[in-house]
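Record features, source TrEMBL:
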{"type": "TRANSMEM", "residues": "B:7-29", "note": "transmembrane segment"}
{"type": "TRANSMEM", "residues": "B:35-55", "note": "transmembrane segment"}
{"type": "TRANSMEM", "residues": "B:76-93", "note": "transmembrane segment"}
{"type": "TRANSMEM", "residues": "B:99-122", "note": "transmembrane segment"}
{"type": "REGION", "residues": "B:126-150", "note": "region 'Disordered'"}
Amino acid sequence: MSLAVLAGGIMIAFGALAAGIGNGILFSRYLEGIARQPEAQGTLFGQSMIGLGLVEALPVISIAFGILVLFGIIG
Amino acid sequence: MKSVMEWFSHVLLIITIVYIFLFGLIWFYEPVRALASGFLLGGLISLYNVFHLAFRLKIAGLRAQSGARKLAGLHMTVRILMIVFGVLIVYRFSTRIDYRSFVLSLLFGYLMLVTVMSYYYLRGKGSTSSEEGGEIYGSDSESEISRNDL
């Protein structure tokens, strides 16, 4: 097994793991907020979207790069 | 008054149309065709992901509001598989689609999301309207939920 394949695998795995944890925390807080105060959904939606966008952007790139490394297009 | 979700969808739709039109025009210019294809593919996948995220968040919020027992998830697998789909297309047509522009443009939708939503709040549209309940997060007034409850 070449090191490039290992690197690709690590990139994908940790990218997905980090996104999962980050999204999970944010999403649980969002649901908690709505359950406590349903009328605040509009405000919570916008703020959660900003958070989720920031959390998800990096793993998306790492997953794309990881797959490209796995396929041998890069590296 | 338009809700934040409607406003966001509307703005993102306009951005998507402009994006497609811009890179569609660039695509006709032969020397940068591969680059434009990469930007088009990556950007559209990214914008789809953002639309999907907003849609799932809205569904989950409505489910939580209605008090349903089974809550909706964010369906992140769908978005990851969408990226895998894009990479597979780049891999299959590697001579026609530039992988660098593809990966770079995957960020476009998320950057746009953060920019648009930040603009929304900085312009003061994010302040709570009367139809949303007036006050949020508790206050010293007669709100049912106090700050200590949160």
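Cβ coordinates come from backbone N, Cα and C, glycine included.
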Considering only Cβ pairs within less than 8 angstroms, which of the stretches B:7-29, B:35-55, B:99-122 has the most against the transmembrane segment (B:76-93)?
B:35-55
The transmembrane segment (B:99-122): which same-chain residues, six or more beyond its ends, come within Cβ distance under 8 Å?
4, 7-8, 11-12, 15, 19, 34-43, 45-50, 53, 83, 86-87, 90
